[in-house]
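J.: Heads up, here are the entries from TrEMBL:
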| type | residues | note |
| --- | --- | --- |
| DOMAIN | B:47-345 | domain 'AB hydrolase-1' |
| ACT_SITE | B:SER141 | active site, nucleophile |
| BINDING | B:ARG211, B:ASP340 | substrate binding site |
| ACT_SITE | B:ASP309 | active site |
| ACT_SITE | B:HIS339 | active site |
Number of protein chains: 2
Amino acid sequence: MLPSEGDLHTVAIGDVTTEAGATIADAAIAVRRWGELRGEPDGENNILLVEHALTGDTRADDWWCEIIGPGKALDTDRWCVVCTNALGSCYGSTGPASEHPDGDAWGSRFPAISIRDMVVAEAAALDALGIGRVHAVLGGSMGGARTLEWTLLYPERVSYALVIAVSARASAWQIGIQSAQITSITQDPAWQGGDYHATGSSPDAGLAAARRLAHLTYRGELEIDERFGTSPQSGENPLGPFRADDQRFAVQSYLEHQGKKLTERFDAACYVALTEALNRHDVGRGRGGLNKALHSINVPTMVVGVDTDILYPYHQQEHLSRNLGNLLAMAKLSSPVGHDAFLVEARQMDRILRNFIALTEQAPSGREIAAARGEYAI
Amino acid sequence: MLPSEGDLHTVAIGDVTTEAGATIADAAIAVRRWGELRGEPDGENNILLVEHALTGDTRADDWWCEIIGPGKALDTDRWCVVCTNALGSCYGSTGPASEHPDGDAWGSRFPAISIRDMVVAEAAALDALGIGRVHAVLGGSMGGARTLEWTLLYPERVSYALVIAVSARASAWQIGIQSAQITSITQDPAWQGGDYHATGSSPDAGLAAARRLAHLTYRGELEIDERFGTSPQSGENPLGPFRADDQRFAVQSYLEHQGKKLTERFDAACYVALTEALNRHDVGRGRGGLNKALHSINVPTMVVGVDTDILYPYHQQEHLSRNLGNLLAMAKLSSPVGHDAFLVEARQMDRILRNFIALTEQAPSGREIAAARGEYAI
């Protein structure tokens, strides 16, 4: 039922009705897995569900190559690692760039989705694969937001959770900087109301500008400064008598490169859709508020943050640690790199993930705790 | 020789040759003062030279109204407070929006300036007013950068300095976020290469976008979140089935308001010119490097920072404190407000400025120290 190891598999999940009441007809979710499934697909098993970040994809063995594999922290000789592409993305799951049932791109017809919608779609994909439960869900950034929602929407399906570099809801600052990114895309004349996919032009300039901004929130200012400082780009003079766009500091060239790279692999409308979902991230919505929602979580959850994270400052993970109903552990990455440290500080992440796996083999699971409370059968 | 109290006075300073070798012909610097001058204009006196931030003006009694006035920390019954408008700005000093000698606006003919150029022009304005020395120079943000350059360019003219919420040079992160602001203006079709002043249109949309970004670096994420969180703008629903530009979170409306307000009072080309000067801020340039330059400063200098400053993080002020040749004192504002705390945390700033003034009346001045070393006559 699971796809062959490492291969991209697309799972049809039928219509998805979003939290805000729109419908995505004939949706699909892309999935990959590594390692053999052991145990009961609908009971105790060895599945680790890995949730990717904003522009990530199902290739968790690539973007987390130091973490996932035989003998690594997420040891594919022992664990069955599954990674799904988020609803709204462009790596196999249905999003604005995907084909609508009428044959054109979804474009502006793709509705606004929430983190919860992503998790509902992902759960439907696991249903279609015959997987009723997983040993753990884990992820960072947008993947951490999805992980949190897994523990609230489907606590009976998740034994343990690891939430990295995210918050219980979008902060106003995050909404501000994320909305600036959305605006830079939608104000690109090539945006065409979101229906550019068949026009031969696309808002690449807007997407690149959005990514440049985003990158300044993904990387710590210490790391960026250590790398570039006030150095000029090689062969250019940013200190000339007149400002000129082609006479840059090295950091400008670096950011432009980051922006351009994204336009070569990502769709602008998908970027808007996923960024909008981050704006709407709020585990408290409709659940009596933020802390009541967090307190209701009985899935044992480990929280990880980065000391220099600009986008999701560490106090937001401390907030989670104080308010989660069943905190399994807390860990802090110490790094000049900022938010992206969970992707690049391999040595620290290795230790953290090994600790997490060990804890999941010792502490009672959310299901065991709930069963002891008589909340649902184990 | 000084203008009458509170009135805007414009001082002609002739041609300014910039650090990068361009010429600004027939330049002028705007100035205001409060309190009577006592002492010798060219020797010991009671002048406090206040340096404004990026979009500030000579109205220091307005933007620092809790700080400057009779009986206040900068007590105008005792001190003669002088505030000049920076070269490149649009509040009376020569900038891109000013009239060129040929009668049109300077526009794209206005060269790239540095913080040093601002200080050279300001010193020329004081010369024209007959003022050879000041008791102290002080300022925050861009005003702090100018203050630092005063102590390096004219140590014999400054007895004490107070440098607030700034760094010894632009960091790569600052250059990154500041360049994003410049780009949002210069990519506005109304920019017209910088020569829009007589065209009847101006890049207000780009300037507003720049300000929205900047504002997210001026305000701490804690304060913005405390005020707005995930609240919708009144009467709007940012959680509807489709994303819509007119259905906003409250923080989006707030940032749009900040952007719009700036377009009503500031010129886009001046914003570019001053932001470019911040990109070029580097006290080490041509002086044997950053720390050698800082170490050479003999003017007793107090350093102030804000614990939650995103734009000029506190470690940058700690760097100044470790490397300044003559550190007078160090103080930290504790505030969720971030960078702007030096403008809005009036109670803390009152204490800090009273301490600074008291220290300048106790510690030997830079001139006294230099004279003791035989560097120049007192």
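Glycine too: its Cβ is placed from the backbone N, Cα and C atoms.
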J.: Quick one: among the recorded positions B:ASP309, B:ASP340, which has the most Cβ atoms sitting within 10 Å of its own Cβ?
T.: B:ASP309
J.: Roughly how many Å lie between the Cα atoms of the residue listed as 'active site, nucleophile' and B:ASP340 (substrate binding site), rounded to a whole value?
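T.: Cα-Cα, rounded: 9 Å.
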J.: Measuring Cα to Cα, how far is B:ASP340 (substrate binding site) from B:ASP309 (active site) in Å?
T.: 8
J.: Might you list, by sequence position, any residue in that chain lying six or more from B:HIS339 (active site) with a Cβ less than 8 Å away from its Cβ?
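T.: Long-range Cβ contacts: B:SER141, B:ALA165, B:THR217, B:TYR218, B:ARG219, B:GLY220, B:VAL306, B:ASP309, B:ILE310, B:LEU311, B:TYR312.
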J.: Output, ordered by sequence, the same-chain residues six or more apart from B:ARG211 (substrate binding site) with a CB under 8 Å from its CB, or 'none'.
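T.: When sequence neighbours closer than 6 are ignored, B:ARG211 (substrate binding site) has B:GLN181, B:GLN258, B:GLY259, B:LEU262, B:THR263 within Cβ distance under 8 Å.
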J.: Validating a neighbour-count step here. Other CB atoms within 10 A of the CB of B:SER141 (active site, nucleophile): how many?
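T.: Step by step: centre on the Cβ of B:SER141 (active site, nucleophile), count other Cβ atoms within 10 Å, giving 24.
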J.: Within the domain 'AB hydrolase-1' (B:47-345) only, compute the mean pLDDT.
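T.: Per the prediction, mean pLDDT sits at 98 for the domain 'AB hydrolase-1' (B:47-345).
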J.: Any idea what DSSP makes of B:ASP309 (active site), helix, strand or coil?
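T.: Looking at the DSSP assignment, B:ASP309 (active site) belongs to neither helix nor strand, so coil.
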J.: What does DSSP call the residue listed as 'active site, nucleophile' in the simple three-state scheme?
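T.: It is coil.
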